[in-house]
Amino acid sequence: MCPKLPLLLVFFLYYAITSLGSDPDPVQDFCIPSTGIAACKNSSAAMVEDFVFSGIKFPGKFSETGLAATSVNVNIFPGLNTLGMSFVRADFEVGGINMPHFHPRATEIAFVLEGKIYSGFVDTENRIFAKVIEKGEVMVFPKGLLHFQMNVGDMPATILGSFDSQNPGLVRIPNAVFGSGIEEKLLEKAFGLNSKEIAKLRKRFAPH
């Protein structure tokens, strides 16, 4: 066997994994989707408004968990198309939480704009990495790992998050488990719950 072959194989696997593990590199400066079709708008027709989004000036609608999160991804901001990034504004009432969730296609970096947030993630060995982060601090959540936040301060809090994907995806653990229609007997055995308890959780986390 050629002595250089294993080394070449390592380099090939490295570039294959890294290229497939994130959004593909664009082949043009930008690609504003044309209305109703997949092709890009002609670059000569692009306007500055295609690259500006004003939907996160103010908090969104708060949920029963005390969280108002507004995602800025390619689905609502077409200017992000092919650029490999997106954004979120998350506002927390006092005691509000961002329930355990993960983003299957992106690493997230969160910046505390205001307040004090108990923030962390759990790795694949079930180790928890969590602490209270305050105004001006940043925390990163590796791609695909479960993470969470809770406002532990005595005033509302705001986080700004950035993702390395134009469409990072979002899987909320309670909704995925109890709101997706998984067979009841499986849930009973997995969580030690009875049918009445599962019905209550399904009602709470069912899609709206």
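Keep in mind that glycine also has a Cβ here, set from the backbone N, Cα and C atoms.
In TrEMBL, annotation is done automatically, which means it is predicted and not curated.
It should be emphasised that the depicted structure is a prediction, and the values quoted were computed from it without experimental measurement.
When other Cβ atoms within 10 Å of the Cβ of Asn98 (oxalate binding site) are tallied across all protein chains shown, the result is 24. Here TrEMBL flags Asn98, His103, Glu108 as oxalate binding site.
His147 (Mn(2+) binding site) has a Cβ environment of 21 other Cβ atoms inside 10 Å. Residues or ranges marked as Mn(2+) binding site by TrEMBL: His101, His103, Glu108, His147.
The disulfide bond annotation in TrEMBL covers Cys31-Cys40. The Cβ of Cys40 (disulfide bond) has 18 neighbouring Cβ atoms from other residues within 10 Å, across all protein chains displayed.
Summarised by DSSP class, the composition of the domain 'Cupin type-1' (54-199) is 22 helix, 59 strand, 65 coil. TrEMBL lists 54-199 with the feature domain 'Cupin type-1'.
TrEMBL lists 1-21 with the feature signal peptide.
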Ask   = Is any of the recorded positions Cys31, Cys40, His147 within 10 Å of Asn98 (oxalate binding site) (Cα-Cα), and if so, which, in sequence order?
value = His147
Request  = Starting from the Mn(2+) site formed by His101, His103, Glu108, His147, give every other residue of that chain whose CB sits within 8 Å of the mean position of their CB atoms, in sequence order.
outcome  = Phe102, Ala106, Phe121, Phe141, Leu145, Leu146, Pro168, Leu170
Ask   = Neighbourhood of the oxalate site (Asn98, His103, Glu108): other residues with Cβ within 8 Å of the Cβ centroid, in order?
value = Val88, His101, Phe102, Ala110, Phe141, His147, Gly161, Phe163, Pro168, Leu170
Ask   = What same-chain residues, at least 6 away in sequence, bring their CB to under 8 Å of the CB of Cys31 (disulfide bond)?
value = Cys40, Lys41, Asn81, Thr82
Request  = Express the distance between the Cα positions of His101 (Mn(2+) binding site) and Glu108 (oxalate binding site) as a whole number of Å.
outcome  = 12
Key: Cα-to-Cα gap, Glu108 (oxalate binding site) vs His147 (Mn(2+) binding site), nearest whole Å   = 10
